Amino acid sequence: MAVICEPSQCLQPSSDVGLASDWCKQHGSLRSCGGGGDAVEVLMRLAFRAGLLTEPCSASHQTSQFSSYEVTIPRHITKQRRDADDSKQVSYIISALGKEHVVVLEKNELLLPKDFTVYTYAKDGSLITKRPQMQDHCHYRGYVEDEEGSSVAMSVCSGLRGVLRLGNSSYGIEPLASSTDFQHLIYRLEDVVSEPLVCGTPHTEQHAPEQERWEHHGHSDTHSEPVSHHLRRKRAVLHQTHYVELLLVVDNDRFTYMHSNETAVREEMIHLANYIDSMYIELNIRVVLVGLEIWANKNPISTEGSAGEVLGQFVQWREKDLVPRRRHDSAQLILKKSFGSTAGMAFVGTVCSRSHGGGINAFNNNNIPSFASIVAHELGHNLGMNHDDDRNCHCTVSSCIMNSGATGSRNFSSCSADDFEKMVLHTGGSCLLNIPRPEEAYSAPYCGNKLVDVGEDCDCGSDKECEKDPCCEAKTCKLKAGAQCAYGVCCKKCQYLPGGSVCRASNDDCDLSEYCNGSSALCQNDVFKQNGHPCRNNKAYCYNGKCQHYDGQCEAIFGQKAKAAQKVCFQNVNSKGDRFGNCGFQNYGFKKCESRNAMCGKLQCENVQSVKPFGIEPSIIQTPIAGSMDKCWGVDFQLGSDVPDPGMVNEGTKCGDNEVCLNYNCQSADVLRYDCDIQKKCHGHGVCNNNKNCHCDSGWAPPNCEAIGYGGSVDSGPTWNDKDTSTRDGLLVFFFFILPLLALGLFVFFRRNELQRRFCRRKRSQGYGADSRPQTNTTRCPPPRANPNNIVKDGHQAQLLPPEEVVQTSRNASVPSYALRPPPPPYSRPTPAATQLVPQRPAPPPPV
């Protein structure tokens, strides 16, 4: 039974009885929803006074937040099979929208890992770590029968609480307060009454009218192509499921608002994560809640000031305290306070960043489904998604999740799919491929949930999804015969890539490459040079894997020939405190830069060739430089107050001698805590990475780069194949056998004449012994070539021996023999009577 009510009406707990009471009448004219008659009213008064019913209008506060709703009683469908597991799959019939809907639910096995961790604080400020037993949770996801494209995310812990997407509309369902017969409210999310909230500050007349503004194109409600088709194409491009390891942080005000009930806060956040996961499934992204931190005692950071100030403090606290404690991809802070019209704020494309992978979200009511859309929006920024406003986006509803206004939508647009695709393919997202390990997975194994559970080698999903998987058996979730792996960047054609294969190449001078280890399908964790390491010829610092410098930022925005403007330009522009020159936000306005911090405010460039950076048309300001014909250029992207301005100087940029920009302040570089002595720690043959381990140059071995090796670090994976020795053996054979033989051959070739002469002299000396006996060796070398310069020597004519006659010893002899040369006559001094072949020249007369 479903009853449609307006918020001014009291609700009836069943189809027969309408609520009316003296309490209701004392607080205004209230009408029973459906009517009940005087007799019924008398019975209800008696029941109320007897204590059989609670205050009948205690639910009025609950319903006041909806402009329209229905009351329904869901019916549980009992399974007929005895062997069916009711804890894994449940079904309900929900009457709404004039018809009955069969909702089929399946336990969300991936929602919580086995090592789900809750952090809280004692009164003395000490950290308390808990790992509650969450194996038997009550959070499900599913679909509505006979409703194509429908999806459901719901918890059945105490009644049904969740969201349903039917067609182009999303609905929330929750138990009706004070109901005794399982009554529930069902409502459209767009009917939730709340103050208008936006993700970013609207572009209103508060900005200078003379400044250039974005051109608004508006949204189209009708499209030539359904968004589902477009998203299917994106899933084909990004066919691999991506996993976001989410960590939620609840501030002290929200904890107090929940009556300081840790269990209630925990269940509320698990509900929230379940809803977010159901939204991202259409992009083939799964959201896993890996941890929860509750600031039960006090907030460790100040939450005063603007959203930008709070976000800056939160990500700094996260990098320092939270990242070392628990691995995660994105952390979202849940605050009770309001930031005016700003619902939240997050960095764009920083999901895998240690320093900026986070966002803040204002949660000042109790409607979790609507709030889930806000958190999904800010998480979308971390995943590289920009606002849909003023873009030609395909969206099946009036507005999608990444619209700048908090509309409560559960749909992503084609622009969001494009943005996520670009981030993964071009700039990052490697951490999203970390599939939860079997020991971390939810304890109840289920083959087909695309999660590798304990006892499984792989999980390719449904039978249809597994049709094209060559490595994994769909029915058993085991590897096929001959397969070593089924997923991961270090898995190719079902085999591990050999150790030393680059799985994450360096993309900056301050980044370091990672390598497969030959025994795992996953790449090593991302590492980079330690923050504060000098780069760009000691003119800049490494910061989170990037060499941060002004010229590089100008080139990224304005083109290759752009460069940083003069210091006077930074000082003049950033001292104004407007959207074109500032040092961030303060008290809901722009903060003027002090002179010493001017180099850390808005980026100022010169030699600009392009005025349309990133393909976006921002607002641009030109400032003349005093005493020069040049101008300095600045930009304002107007992405909204929930998105940090990419036109600001990047953190980690060197702003002076031994000074660096952090949080819009130019401060001592000692804050980076760079303590690597390369000469002592790495023996001058490497650098320190962000884990403070040596990353050795090629030719030196970790951990200290002292011995001969192949380079790399204990964190990067082996840079060589330590199992396949064929390359090493080949090199050894080449250098110690083939190369020496080649050298010897070349030596013999170029010295062949000299060697031949030496060899023949040795033969001749052996052919004539002192006893003048003939030798048995009948072979001889050819005579040496005559040198015309040596024909006449010591006044005698050289006597060249005539060629010997060939003596044939046998007709069957295969090798010709030569007659032996007779021994030379004994040496005797020539006499005057000897015949002179060459007349002797008389001695010259003595000098006068």
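Including glycine, each Cβ sits where the backbone N, Cα and C put it.
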TrEMBL annotation, disulfide partner among Cys494, Cys503, Cys547, Cys554 for Cys523: Cys503
Partner cysteine of Cys696 (disulphide bond, per TrEMBL) from Cys682, Cys705: Cys705
Whichever of Cys393, Cys395 is disulfide-bonded to Cys400 when TrEMBL is consulted: Cys395
Candidate nearest His377 (Zn(2+) binding site) in space, where candidates are the disulfide-bonded residues Cys395, Cys523, Cys696 and distance is Cα-Cα: Cys395
Residue from Glu378, His381, His387, Cys523, Cys705 whose C-alpha is spatially nearest that of Cys400 (disulfide bond), among the recorded positions: His387
Residues in the domain 'Disintegrin' (444-531) grouped by DSSP into helix, strand and remaining coil: 0 helix, 14 strand, 74 coil
Composition by DSSP (helix, strand, coil) of residues within the domain 'EGF-like' (672-706): 5 helix, 9 strand, 21 coil
Using Cα positions only, nearest of the recorded positions to Glu378 (active site) (His387, Cys395, Cys503, Cys523, Cys696): His387
Neighbour tally for Cys395 (disulfide bond), based on other Cβ positions within 10 Å of its Cβ: 24
Proximal residue to Cys523 (disulfide bond) among recorded positions His381, His387, Cys395, Cys696, Cys705 (C-alpha distance): Cys696
Neighbour count (Cβ, 10 Å) for His387 (Zn(2+) binding site): 25
Among His381, His387, Cys503, which are recorded as recorded positions, the nearest neighbour of Cys705 (disulfide bond) by Cα: Cys503
